[in-house]
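**Student:** The following block contains the structure, expressed as structure tokens.
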Amino acid sequence: MGQALSIKSCDFHAAENNEEHYTKAISSQHLTLRRGQSFTITLNFRAPTHTFLSALKKVALIAQTGEQPSKINKTQAIFPISSLGDQKGWSAAVEERDAQHWTVSVTTPVDAVIGHYSLLLQVSGKKQYPLGQFTLLFNPWNRDDAVFLQNEAERTEYVLNQNGFIYLGTADCIQEEPWDFGQFEKDVMDLSLKLLSMDKQVKDWNQPAHVARVVGALLHALKKKSVLPISQTQAAQEGALLYKRRGSVPILRQWLTGQGRAVYETQAWVSAAVACTVLRCLGIPARVVTTFDSAQGTVGSLLVDEYYNEEGLQNGEGQRGHIWVFQTSVECWMNRPDLSQGYGGWQILHPRAPNGAGVLGSCSLVPVRAVKEGELQLDPAVPELFAAVNASCVVWKCCEDGKLELTNSNRKDVGNCISTKVVGSDRCEDITQNYKYPAGSLQEKEVLEKVQKERLKLGKDNGMCPPSCEPWDPLHMFFEASSSIPLSGDGQLSVTLINPTDEEKKVHLVIGAQALYYNGVLAAGLWSKKQLFMLKPNQVMRLSTNLSFSCFEQTPPENSFLRVTAMARYSHTSLSCFAQENMAIGKPDLIIEMPKRAAQYRPLTVSVRMHNSLEAPMQNCIISIFGRGLIHREKRYGLGSLWPGSSLHTQFQFTPTHLGLQRLTVEVDCDMFQNLTGYRSVLVVAPEVSV
């Protein structure tokens, strides 16, 4: 090197810096930083620096990212190493020095482009020495970052927590699904940035709104390409771990590399969880939200059609959308300087069909407040999102002669139960009030009137309330059903009929049951029952019946729900009364016993018990246990068969390796069902701390 100033090595102090930047869970070897926050490096020179005084005055650092780094697009920065640092832009200041070592504090801008960076040392404006690579992420801890979150508990939950829940089931029977987001798994950051690299507008990667929309659009496209149809699901049902849905990382690997876990049509709700993983990994606070009884495919219409045959079973889909049992979405937190004041905070990531406007045209980012206030003009996706939680359902009866008859339906309104995980707790939180005003309130009335006027102005109004079908000779019907039915067991149904007139009525009653998937798609017709009776003047009649698996024409498919319906008509009119309820299918209880605290590197025993309350044997039982920081790899054990009325009791031992709150998940699969899951959390402490 002659007499030129040269670098021997550079110490990035990855472990220490990552600790300060809340990224130690990602890596202790690779420097991973959050923007707008300083970090420390040590430059080790080959010779004493005092012999190169003239060169020292021209020493600078270069930070660059992307395929074609440029100052113009903010993907390259050249900044001097001085004794003073600039807290607003890229800067470097010497903190300590001796003959051959400099300790330098480097500060990144709070609006820097995120991604993988190279850091170089430049001497005299010419010679450059590569120092190494680092990764820059968004910073919810920095008040000036657009993703700043004020509350530390919320930052911990929405950025750092790798364990969560997705809420499935029905509005009356919410079922928690333990979910491993795994945003800090070793390859997730690289996979997330690989996904982002499909967008060539690297200069816009400093804007969380842009990044979130890109993530939403690209994941949606990958899902469309990768999700397998139900027919393939059924054909491959005997294949390996078909219905496993334990976490985001295997799915993300499959979508981006082809090596991971496939997703099937009946599980496509997992895409929200995968998006949540990527956003949290990149430093954008995110959470998965479930809307029960959600109107989908409405194109903004506030009326949804459903069609049922004379047996009370669903008969195709309406032209104005349909009602999903539940729908999952992902919200992310950020300021929105591109919108009017007041629209920052939680934003809904809403992928949609491409419209020719590039990748961003395939995904909207809609403020939750805009949905609540019915601001249809704010974003093209607002009308559809508003309808998802405010639409009304119109039920039609398809007669044998091909005619359609409007029913007098008491179908519940949609979007009255919206849930997510409570911060710092394993409980479920109802956040419906974020999306809509209380039913019957003055605010709700004002918003609905505003939306109706806006739709009229746009020429899209088709009415906001279901058409009236009150008969001159009425019959009233009320339908009650259990919120869930045990697998292979019975559920209770009751129909109350009221004749408010002075004339006797001959009533035809049909009760039906069918299996459907979470997205409202019919899976199978299962059962129907007809009754004919006379209802006396002013009589109230209550009819009860058992809904039994033993009466079903076939076993409901995995991941399906039951929709039970009641349809009544009487002789003097063709008008039918209609009511329906969705029922979750309950599985046996899984009881897990484990200490709440455990010592790191010391064996821990867990006990698992399960009772077969079904009327049939549970054959080919397989139990799986897994948990990051607790078990190195998933453990699977064959347990044979469990006969009706008998119980299973087994124990496992493992050695925790990671400190902090960890989650153990236990899963049982058999010929009767898949994905019977339970979990327990354990606080792992250092060995010297008393347990």
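From the backbone N, Cα and C atoms, a Cβ is placed for every residue, glycine too.
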**Student:** Quick check on the annotations: Swiss-Prot lists region 'Band 3 binding' for one of 31-39, 139-147, 148-156, 580-588. Which range is it?
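**Tutor:** Based on what Swiss-Prot states, region 'Band 3 binding' spans 31-39.
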**Student:** Labelled phosphotyrosine in Swiss-Prot - which residue from Y264, Y307, Y570 would that be?
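**Tutor:** When Swiss-Prot is consulted, phosphotyrosine appears for Y570.
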**Student:** Looking at Cβ-Cβ distances, which residues of the chain lie under 8 angstroms from S248 (phosphoserine) while being 6 or more apart from it?
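**Tutor:** Expected: W179, D180, F181, G182, Q183, V270, A273, V274, C276, T277.
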**Student:** What residues, ordered by sequence, lie under 8 A Cβ-to-Cβ from Y570 (phosphotyrosine) and sit at least six positions away in the same chain?
**Tutor:** L475, K505, K506, V507, H508, L535
**Student:** DSSP-wise, what's the residue breakdown of the region 'Band 3 binding' (31-39) into helix, strand and coil?
**Tutor:** 0 helix, 6 strand, 3 coil
